[in-house]
Structures are given as C-alpha cells and as structure tokens.
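Copied from Swiss-Prot, the annotated features are:
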type: CARBOHYD; residues: ASN77; note: N-linked glycosylation site
type: CARBOHYD; residues: ASN458; note: N-linked glycosylation site
type: MOD_RES; residues: SER474; note: phosphoserine
type: TOPO_DOM; residues: 1-4; note: topological domain 'Cytoplasmic'
type: TRANSMEM; residues: 5-27; note: transmembrane segment
Amino acid sequence: MRLRNGTVATALAFITSFLTLSWYTTWQNGKEKLIAYQREFLALKERLRIAEHRISQRSSELNTIVQQFKRVGAETNGSKDALNKFSDNTLKLLKELTSKKSLQVPSIYYHLPHLLKNEGSLQPAVQIGNGRTGVSIVMGIPTVKREVKSYLIETLHSLIDNLYPEEKLDCVIVVFIGETDIDYVHGVVANLEKEFSKEISSGLVEVISPPESYYPDLTNLKETFGDSKERVRWRTKQNLDYCFLMMYAQEKGIYYIQLEDDIIVKQNYFNTIKNFALQLSSEEWMILEFSQLGFIGKMFQAPDLTLIVEFIFMFYKEKPIDWLLDHILWVKVCNPEKDAKHCDRQKANLRIRFRPSLFQHVGLHSSLSGKIQKLTDKDYMKPLLLKIHVNPPAEVSTSLKVYQGHTLEKTYMGEDFFWAITPIAGDYILFKFDKPVNVESYLFHSGNQEHPGDILLNTTVEVLPFKSEGLEISKETKDKRLEDGYFRIGKFENGVAEGMVDPSLNPISAFRLSVIQNSAVWAILNEIHIKKATN
C-alpha cells in the first residue's frame, strides 16, 4: 500500500512538474514572440522615419523651386519667351504644382525644422555598448556637465549593486550624456569604461550622446512663468534630452523608467517594479510612479513613448517635463464639463503611485548653474502602511470623522491609508462609481502594522445594482436585499472583508460599508480592491 501511494505521489509530482514546465515554456515563448514583434515594428518605424526625413527634404526643395518658378512667372508676366525653354510636360507639371495647395501631415520636422539640415540629427554621435534588446525594463539616465560635483558613478553603482545576477540579464541602463563638447563626452565615456567595463561589455550599460545638429538655437527663447532666460534654456534643453533618450530606448524593452544621475535605490527595486507592473497588466495605465519627486522613477510602457515624445516636441519650449506629462493625462481622460475632482479621479487611473518610494534624490548641486536643491523623497524610508490597487473611477464619501488628513479619497487613489475616529451605528463608507461596473470580487482590509487594533468591526459590505428591476437572482440573493435597493453581500471578520460578487447583480453602481453597532476603537482602512470582471 505504501509503495502504491508512493508511486501515485511520484506520478502526480511528475505530472504537476510537466504541466508547470509546459505552461512556463508556453508563456516564455509568447513573451519572446511579443518582444520579437515589437522589435520588428520599431525597426520598421525607424525606416519610415528615415524615409519621412528624406521626403520632407525633397518636399522642401520642391517647394523652393515652385516658389522660384512663381516669382519668375510674375516677373515676366507669363511671357512666352521666358517659358519656351521648358518642355510641354514640364510646363504642365509646374502649372499643376503652382495651382494646387497640397495638404501635408505635420511631423516632427514641423516642430524641429532644423533637423532637416542634417540626416544624422537623430543618430547618436557617440554610442557605446552592444545594443541589448528584448529586456523587461530599460532605465534611462540623462547626465550633463555639473560645475561642482558629478553623482553619476555613485548612481550607477547603486543601481547595479542592487541587481541580482538574473536581473542584470533582463534590463539595460542607458546613460545619455547631454553635451555636444565631444572632448568632454569622450572623457565621461573613458571614466565609465574604466569603472564599469564588465557591465558595458555584457550589455547591461550603454552610453550615448546626441549630435550637435539635434539641438535648435536656444538663445532666443521666450521667458515664461517667471523663469529666467537661463532657466528657460535649461528646462527646454532638458525636454529635448528626455525625448532623444526615450526615442533611443523605446525599441529595447517592454517598459522604460526615467531616472536621474543623482539618486540611490532600495534593495530589490527591480523585482518590486517588475512585479508591480505585472500586477497591473490588465489595467490601462500610462505612468507608474516609484518616486514622488519630479521626473524620477516614472515608468512607461514602451509603445506609449511615441505619444509622449510627440507631445513634448510640440511644447518643449513652453513648459517643464512634469507639467507636460500632466497635460497629456488631462487631454486623454478629463472632461472640461466636469469638476477638478472628477478629473483627478480619471487621471489617477492612468497615473498610479507605488509606495514607499524606491528612489531617493541625493544630489545637492543641480545641473542648472548655481542652483542648490535640497530635495528628498519623504516616502523613501517610510514603511508600507497601505496596499495599492487600481479601482474603478468613483466618487467616495463617508459619515466618519477623518483623523489628521488621512482621507478616504487618498486611500482609494492609493496615496494614503484612511483613518477615522470611533465609528458608531449608522456610519457608512460609500464608493459611487462614475459609471456602472461589472465587479468580480472585493477586498477591504482594516488596521495596519503600526495600529493593528484600529479595525472595522460589526460592518457589512453592500452593493447597489445598476438595474433595480428585472434582476434574475436566486431566492438566497433576493433575501439579502435591503429597503433602499442595496444587497448585503458580506461582512468584516477580524478586520477583513472579502468575497465574490454574484454575477447576476452586475453591473454595480455603488459599494457601501455600513457600521451596524458602535465600535470601541478607531478605524483604519489600508487596502481597497474592487476588482473588475474580465470580459
């Protein structure tokens, strides 16, 4: 009997291992195919860009010829003697060109016409590395000459030393030297090759710099928002630097994260970032934030970089990069007829913050000449007191008295935990969706590691179906209906409420947590997850 049981157990273990291996192989092959398709698409896109450049050049030359022909025609007043030198076909073609106004689609060259002067304007002047592609995460680090101190070497050591061996094979760090002084660039490259020769030869680190022809004339920029001429020039060039770096990095991986050259990182940062992105793979996010400071730790999906770069090119002289990013989100999801709170809720679904921060700013001397910046991320050392999920856009409200600014809105958007003074019978927490949602499951977790006793007790979970009549529900579900149309579907036990939503109740208009009895303790809500049903 023991032998038989052992044989069965061995067989089950073998089958389980085989199925697991088969699933992993299938998943890995699917991922590799996706990356291969992305590379082919981006290679085609680059060929189209080069073709567009040449077409724009020829179009510009042709327009010049047409204008000259018009001028000659006007000066000679259509004299036949002046036109006898042209063949009939040439005269016909020129007549068509001068009589029609062709429509042209605006392109990058409309906003940066100086790029047409040199075909190599969008090709790195210096490029060091073996051109690794097909990774999960590309890290972009722009660096420029600093008058006092460079933090680049320390930043790279922090990033590299906190990577496990297998993680070093799944990412690439691109250092962008935003200078056109070729001697200075070669000096930086020499230092990096000396310090990180192994990482460069392995493909983990790459170094690039733009050609001088990439930059337009930055001497006559309009001063805006009270910034000095020097600061306007600095932020304008910075926008262009970001764009060049993003264009270079786009074809290399699935995600691109923007870093700076004066930061340090937390241990296990790479795995944390990758897992957080995978957790949100079914959501339509645009920016994942792993730091609250400026442009540090902002991660994008590689295909989205096209839209971001195009938008920045349109307004690179107008505003700083972080403002432009917020404008992109506003354009995508905000309704001008709705209020600011509604807009913030919509943007929060595209711009998702991870806490605590994984990157800390350490540079004291800015790349802007003479500027001292004592910027630190206050969330860097904080323990994680809430768990973040992407929830359906909703208007939230509560009858509970909020303690010290720990509001329900911040909790729902993943910014903070909710903390309220002693609940009493009749109190509620309400999540009213902007539009009805098909919900699969729910999870509400109260208390946290600093205040484990501040939990919700004697509290029920209720939902309001969008359809008040005609619901095809079981008698058991029907018995849970309340007078105001809500259905009681669960309750808190040991500070946690979780469960599935009966599909017959979908779509749902609102979730409500109702306090049934007076509580003797305060209440913290540190996790809210209303999971949408997958179609």
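Placement of Cβ uses the backbone N, Cα and C atoms for every residue, glycine included.
The shown structure was predicted, so the numbers you read here are calculated from the model rather than taken from an experiment.
The highest number of surrounding Cβ atoms within 10 Å, among the recorded positions ASN458, SER474, is found at ASN458.
The residue listed as 'phosphoserine' sits 26 Å from ASN458 (N-linked glycosylation site), taking the C-alpha atoms as the reference points.
Along the topological domain 'Cytoplasmic' (1-4), the predicted structure has mean pLDDT 45.
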